[in-house]
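So the structure is just underneath, and the comments pick up after that.
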Amino acid sequence: MEHAVAPCVLYPGTEPGAAGESESEGAASPAQTPCSLGASLCFSSGEESPPQSLASAAEGAATSPPSSGGPRVVERQWEAGSAGAASPEELASPEERACPEEPAAPSPEPRVWLEDPASPEEPGEPAPVPPGFGAVYGEPDLVLEVSGRRLRAHKAVLAARSDYFRARASRDVLRVQGVSLTALRLLLADAYSGRMAGVRPDNVAEVVAGARRLQLPGAAQRATDAVGPQLSLANCYEVLSAAKRQRLNELRDAAYCFMSDHYLEVLREPAVFGRLSGAERDLLLRRRLRAGRAHLLAAALGPAGERAGSRPQSPSGDADARGDAAVYCFHAAAGEWRELTRLPEGAPARGCGLCVLYNYLFVAGGVAPAGPDGRARPSDQVFCYNPATDSWSAVRPLRQARSQLRLLALDGHLYAVGGECLLSVERYDPRADRWAPVAPLPRGAFAVAHEATTCHGEIYVSGGSLFYRLLKYDPRRDEWQECPCSSSRERSADMVALDGFIYRFDLSGSRGEAQAAGPSGVSVSRYHCLAKQWSPCVAPLRLPGGPTGLQPFRCAALDGAIYCVSRAGTWRFQPAREGEAGGDAGQGGGFEALGAPLDVRGVLIPFALSLPEKPPRGEQGAP
C-alpha cells in the first residue's frame, strides 16, 4: 500500500554526507521518496510511524543541535496544516497559525498594550487605557484586526458604547473593514476615556466616518467638536469637501459654522469663497444673519456734548473719551445695560461713524489723538467687531481721513458719507477689501451736521442748519437727488428707516427757545419713500419717565419698533400700523419707557446686532 506523502519539514543537515543516510535511501520504496530534494533530506509519513532508519535519523536530528553555519529553514508542517479547520478570522493573521499541541508563547508586550503587531518586526504601541481599567475588566478579550494590524480591547467597554460591537459580542476575533487604523485607535481611546484626542483637520473625516460605521454617535460629535477650534481659512474648505464626499453631516455643519462665524475672512479668500456654490454662499450669509438673537446695543463714543460740533483741532477730552469707549448690551428682562466689549486700541472714540454689515459692527474715522504738535486730526482707521468670536480686527483704512462722518451699510457695501467740511463719499467692497470714491454730496449741501439712513436700496441724508433738507443717493445711477423737505423746523434728534418709511424725531422748541417756556417734548414725522411724501406721526409729547429738560437721543430699529437711547433713559417707540388707532397723541404711535439710564459719559449710538446663543447656534442642513 502506498502511503500518502506528508509535507516535508527540512533542516540543514549537520553532516550532509553522513553514513547511514545513503543506505536507508537505497532501501526506501518509490513511495518513500516523495520530493525531488535529496533523499537524505526527505522522509515519508503514512498512517503508521515512519521506517526505523528514518525515525533514527529524525531522533538524531532532534537530539543534536544544528550547526551554527546553517539556519533552520522549515518546521514540521503537518501541525500547521491543522489550521485549515480554523475560521477565516483565525487565518487572517500569521499569529493565529499557532500549533494546537504547543502552548501559546507568552506575549512579550506589557499588559497595558492594546495592539499586537502583525509581525515580530513591527513594534506595538501603548494602549490608551485609563488607570484602573485592567483591574475592573481584566485582560482584553477581543482582538480587532484592521489594515493588517491587531488591536486588543475589552468587549464590555465597546459593547456598552456601540450597537455594532454589542451585536458581535460572541466573537473573540473581529475583522473591522472600512475604518483606518488611525481612526480605530482614536475611537478606541475615546471609548475608554470619553475624550477625543489626536483629531486633526486632516484626519477628522475618517474618524467621523469610522464612528458612524461602528455606530459610535457620541464619538462622532466629540471628534467634530474637537476639530472645531483647529479650523482655519487654510483647511476649512478641505474639511468641507471631505465631509460632503462622505456625507458626514456633523462635520459639514461644523465647516459651515466656521465659515459663517468668519464670514468676512472667507469672503476675502478666493480659494475658499470662489469655490463655493451660489447656494452655499447664500447659506453662509443666512446662517450669519440669523445666528443667535438680535439685541439692542449702544456704543458710548466721546465725552458728553461732543456730538456734531467737536472740531478735530481741539485735543480736549481725548483721555476721557477713551475711558468710556465701550459697547453695551441692553438686557430687557433685567431692564439694564451691561458692557459687552471695549473699543480696540487705536479706534478713535470721538466723531466716528458706525454701522452694522453682515452682523459685524464697523467703526470708521473719528478724531485721532493729538500728535506731537498738540493738534488732533481726523482719522482714517476702520475696525470691525465680530460677535461670533468676540474679537476686533482692523479693516482697510479710508481713502480720506474723516471725522463726524456717517457710516451706512447698503447692498453688501459700506458708505462713508461726508464728514466735517467734506462732501466726498467713498464705498467699501468687503470682498475686494477696497475703498473707492463715488458721487460726492451736492455743493452747498451741509458742512457738518447731518443724519443718514437707508431705505429701499437707497441712502437718505438730512441736514443743513435747520435739519430740513433731504437728499437721496441712488447707487445704480451713482447720483444724488433732491427729495421733498420736511415742514418741521425743530431740532432734529435722529432719523431711522422702518417698513418703507423714514421716521424723523424732532425735539420740540427751537434752539434758542428757553426750556422753561413750556414742557419739553418729542414730535415724530415720517416720509414715505415710494410716495415721496411727509406726514405727521406723533404730535409733541413728553417722554414717559424722562427728564424735564430736552435730552438729545439717537435711534435704532429692532423687531418692528424704534428704540430711542440717551444717557437719560431708553424708550421704545411703536408706530401704529395702517388703519390702527393712534398712540399717546392719537396720531399713530406711542413711547414706552424701558429700564434705567446708562451711567456713562459721551454720546450713545444705538444699533441692533445678533449675539450668539448657547448652545451654538446655526441653521442645520445644507443646500
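Cβ atoms are placed via backbone N, Cα and C, with glycine included.
According to Swiss-Prot, the protein carries these features:
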COMPBIAS  12-31  compositional bias 'Low complexity'
COMPBIAS  79-91  compositional bias 'Low complexity'
DOMAIN    140-196  domain 'BTB'
MOD_RES   S64  phosphoserine
MOD_RES   S67  phosphoserine
MOD_RES   S87  phosphoserine
MOD_RES   S107  phosphoserine
REGION    1-129  region 'Disordered'
REPEAT    311-359  repeat 'Kelch 1'
REPEAT    413-455  repeat 'Kelch 3'
With a Cβ cut-off under 8 Å, give me the same-chain residues at least six positions beyond the ends of the repeat 'Kelch 3' (413-455) that come close to it.
264, 267-268, 273, 308-309, 311-312, 351, 353, 355, 357-358, 362, 364-365, 378, 382, 395-400, 402-407, 461-465, 467, 469, 471, 473, 475, 478-480, 482, 492, 494-497, 500-502, 504, 529
In the repeat 'Kelch 3' (413-455), how many residues does DSSP put in helix, strand and coil?
0 helix, 26 strand, 17 coil
DSSP helix/strand/coil residue counts for the domain 'BTB' (140-196):
24 helix, 13 strand, 20 coil
